[in-house]
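Undergrad: Provided herewith is a single structure, encoded as structure tokens, for subsequent inquiry.
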Amino acid sequence: MILELDCGNSFIKWRVIHAADAVIEGGGIVDSDQALLAAVAALASVRLTGCRIVSVRSEEETDALCALIAQAFAVQARVAHPAQSMAGVRNGYDDYQRLGMDRWLAALGAFHLAGGACLVIDLGTAAKADFVAADGEHLGGYICPGMPLMRSQLRTHTRRIRYDDASAERALTSLSPGRSTVEAVERGCVLMLQGFARTQLEQARALWGEAFTVFLTGGDAPLVREAVPQARVVPDLVFVGLAMACPLD
């Protein structure tokens, strides 16, 4: 079985799949390396034969995690690295090594699934969009604060904004004008995300008309689903690209 890891800015998304058919044995999201080791070890009858990682962490942090995995499960992790081109997609950055690996792998996965032009909208700690033309040319993209960053900045820099996660969840039962601070903040942030998504859709239509596929991924993808109803929601899109970048027997 293969352990796949997406090490983001705030959390580690993980899953264990069967090597032969990619059937998912287990998975989840954790907030530390130790929590990851415990979660994987808790899977009954799982014997890992390989591990592949995409990480936006520092090289030192990623190496430390690889060492922990080797010690705990006796497998050597393969880490995805930037490339100028791969699987029919050409990296569109002037300095290809500066394109975030999560964005690069999501673009690979989306182009593979779409078989043509595609727009990837990834909503996590940051909100990201990337455009890939029908010939595989990555045209670039956009990055702005995602829901967690917007919320955090308002809480940090505005003294009277204080509320808990349960209140935040209740506030999103609708998007009508907020009648409390928590409703105003949460709904305002969602509307900003939806506006971001709609703008990307307009850009894609200006480029390709209707001849493209939209992909939504990331933990906050459900918040913009109604803004882009034609989108394909693929929570594990980065893992699709990771399997292409780091094939394992």
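From the backbone N, Cα and C atoms, a Cβ is placed for every residue, glycine too.
Since this is a predicted model, take the numbers as computed values, not measurements.
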Undergrad: Looking at Swiss-Prot, which one out of T49, T125 binds ATP in the same site as D6, C7, G8, N9, S10, F11, I12, K13?
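TA: Answer, per Swiss-Prot (ATP site with D6, C7, G8, N9, S10, F11, I12, K13), from T49, T125: T125.
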Undergrad: G8 (ATP binding site) to R103 (substrate binding site): how many Å between their Cα atoms?
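TA: The separation of the Cα atoms works out to 11 Å.
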Undergrad: Determine, to the nearest whole angstrom, how far the Cα atom of R103 (substrate binding site) is from the Cα atom of I12 (ATP binding site).
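TA: About 16 Å separate the Cα atoms of these two residues.
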Undergrad: At a 10 A cut-off on CB-CB distances, which of the binding-site residues S10, T125, T181 has the highest count?
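TA: Output for this query is T125.
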Undergrad: Could you tell me which three-state DSSP class G100 (substrate binding site) falls into?
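TA: For G100 (substrate binding site) - judged by DSSP and reduced to three states - the answer is coil.
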Undergrad: For T125 (ATP binding site) and T181 (substrate binding site), what Cα-Cα distance in Å is obtained after rounding to a whole number?
TA: 22
